[in-house]
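*Asks:* Below is a structure I'd like to ask you about.
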Amino acid sequence: MALNHTALPQDERLPHYLRDEDPFASKLSWEADLVAGFYLTIIGILSTFGNGYVLYMSSRRKKKLRPAEIMTINLAVCDLGISVVGKPFTIISCFCHRWVFGWFGCRWYGWAGFFFGCGSLITMTAVSLDRYLKICYLSYGVWLKRKHAYICLAVIWAYASFWTTMPLVGLGDYAPEPFGTSCTLDWWLAQASGGGQVFILSILFFCLLLPTAVIVFSYAKIIAKVKSSSKEVAHFDSRIHSSHVLEVKLTKVAMLICAGFLIAWIPYAVVSVWSAFGRPDSIPIQLSVVPTLLAKSAAMYNPIIYQVIDYRFACCQAGGLRGTKKKSLEDFRLHTVTAVRKSSAVLEIHPESSSRFTSAHVMDGESHSNDGDCGKK
């Protein structure tokens, strides 16, 4: 039975265009809800198994994880959290044609989606900044240790926790989305008060614009650096050139991850900003659900990029499941390879020792690639 708006305990906190109706009733047709439910089910299954597989393969070599790999695993944790903690709520609600978990469930769902989404974006920001420093500042990689990666993880989760908990303590709130079967940050508070505008603007800047700017800046600098150094690398022997090619490939994978995330979330951000500072009731309900569904698919992209785009990674995963040699897992590299960078840094001081170091490093990688036919195209 539909709820009467007078029975809602948080009626005064609702967006103005939801106060005269049941905010948890779906505004879509039954057919549209069923399509959305099946779509989210497929996305959730693929994301759960994909990111779970990444974590499983990582756990098999946890003693060998490097700092950048730790950050990539954290990204998989964020994506898995979105799929396991959040998606079931919306899927069930779509099939029930209304949000069935009440205000407590609405707040929980809104918090979880914001928490893991923010954690994912900040993790990608940290990875892009890390790669920028490693490639453009040679001395950075010398002192970077595992403990620094764990400190970075603590900062990421503290940052996400701070911004996502603010609405739960009175600065902002979580509310139903216009179509009724999902909940999100209450963007409409920006139209209610000056304090609401300040809060929404702060969220947009610190949780979207600033991280996106850092990502774009970092990869723009990386592209410029790779282009300027490619001619220099061509003069080295084939082993150093191979390391350079692999480094560029892994950087492209990272860029694809960030691009996929931003492509999925930017339409949703645009609609949210329009809801906060424009005329939210001017957006058709049927249209407002599309950016939401697109954003919810972001957690599925990364495993596909890992296992399809990076063929070497996928090959070594398959070899690991068949019980091949443990060293074949060395090709499970979701981080920027630093062979060229290190060799270039040492070359300026000790050319002979640099050549020996790089050759040994690359030959070691080649020997692992031969096990299980990893790296064959």
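Backbone N, Cα and C atoms are what each Cβ position is placed from, and that goes for glycine too.
Here the structure is a predicted model, which means the values were calculated and not measured.
Got these off Swiss-Prot a minute ago, pasting:
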COMPBIAS  363-377  compositional bias 'Basic and acidic residues'
DISULFID  Cys106-Cys183  disulfide bond
CARBOHYD  Asn4  N-linked glycosylation site
LIPID     Cys315  S-palmitoyl cysteine
LIPID     Cys316  S-palmitoyl cysteine
MOD_RES   Lys296  N6-(retinylidene)lysine
REGION    357-377  region 'Disordered'
TOPO_DOM  1-33  topological domain 'Extracellular'
TOPO_DOM  55-74  topological domain 'Cytoplasmic'
TOPO_DOM  96-108  topological domain 'Extracellular'
TOPO_DOM  130-150  topological domain 'Cytoplasmic'
TOPO_DOM  172-197  topological domain 'Extracellular'
TOPO_DOM  219-252  topological domain 'Cytoplasmic'
TOPO_DOM  274-288  topological domain 'Extracellular'
TOPO_DOM  310-377  topological domain 'Cytoplasmic'
TRANSMEM  34-54  transmembrane segment
TRANSMEM  75-95  transmembrane segment
TRANSMEM  109-129  transmembrane segment
TRANSMEM  151-171  transmembrane segment
TRANSMEM  198-218  transmembrane segment
TRANSMEM  253-273  transmembrane segment
TRANSMEM  289-309  transmembrane segment
*Asks:* What does DSSP assign Cys183 (disulfide bond), in three states?
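*Replies:* It is in a strand.
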*Asks:* Can you tell me how the residues of the topological domain 'Extracellular' (274-288) break down into helix, strand and coil by DSSP?
*Replies:* 11 helix, 0 strand, 4 coil
*Asks:* For the transmembrane segment (289-309), could you work out the same-chain residues 6 or more beyond its ends whose Cβ comes under 8 Å from its Cβ atoms?
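*Replies:* For the transmembrane segment (289-309), the sequence-distant neighbours (Cβ-Cβ under 8 Å, at least 6 residues beyond its ends) are 28, 32, 36, 39-40, 43, 46-47, 50-51, 53-54, 75-76, 78-80, 82-83, 87, 90, 117, 120, 177, 179, 182, 184, 253, 256-257, 260-261, 264-265, 267-268, 270-271, 317, 334.
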*Asks:* Using the alpha carbons only, what distance in Å do you get between the residue listed as 'N6-(retinylidene)lysine' and Cys183 (disulfide bond) once rounded?
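*Replies:* Pair distance, Cα basis, whole Å: 12 Å.
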*Asks:* Relative to the Cβ of Cys106 (disulfide bond), which residues of the same chain, six or more apart in sequence, are found under 8 Å away?
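*Replies:* Correct list: Phe24, Trp99, Tyr174, Ala175, Pro176, Cys183.
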*Asks:* Return the average pLDDT for the topological domain 'Cytoplasmic' (130-150) as a whole number.
*Replies:* 78
*Asks:* Using Cβ atoms and a strict cutoff of less than 8 Å, what residues sit near the topological domain 'Extracellular' (172-197) while being 6 or more residues removed from its termini?
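*Replies:* Answer is 10, 13-18, 22-28, 33, 36, 89-90, 93-94, 97-99, 105-107, 109-111, 113-114, 166, 203, 272-273, 275-277, 280, 283, 285, 288-289, 292.
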*Asks:* Enter the number of other CB atoms within 10 angstroms of the CB of Cys183 (disulfide bond).
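*Replies:* Step by step: centre on the Cβ of Cys183 (disulfide bond), count other Cβ atoms within 10 Å, giving 29.
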*Asks:* With DSSP helix as H/G/I and strand as E/B, how many residues of the topological domain 'Extracellular' (96-108) fall in helix, strand and coil?
*Replies:* 8 helix, 1 strand, 4 coil
*Asks:* What residues elsewhere in the chain lie close to the topological domain 'Extracellular' (274-288), defined as a C-beta under 8 angstroms and at least 6 residues from its ends?
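*Replies:* Result: 15, 17, 27-28, 32, 177-179, 187-191, 197, 200.
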*Asks:* Sort out the residues at least 6 away from either end of the topological domain 'Extracellular' (96-108), same chain, that have Cβ-Cβ distances under 8 Å to it, and list them.
*Replies:* 9-10, 22-26, 30, 33, 89, 168, 173-176, 180-183
*Asks:* Write out how many residues of the topological domain 'Cytoplasmic' (55-74) are helix, how many strand and how many coil, based on DSSP.
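*Replies:* Residue counts in helix, strand and coil order: 16 helix, 0 strand, 4 coil.
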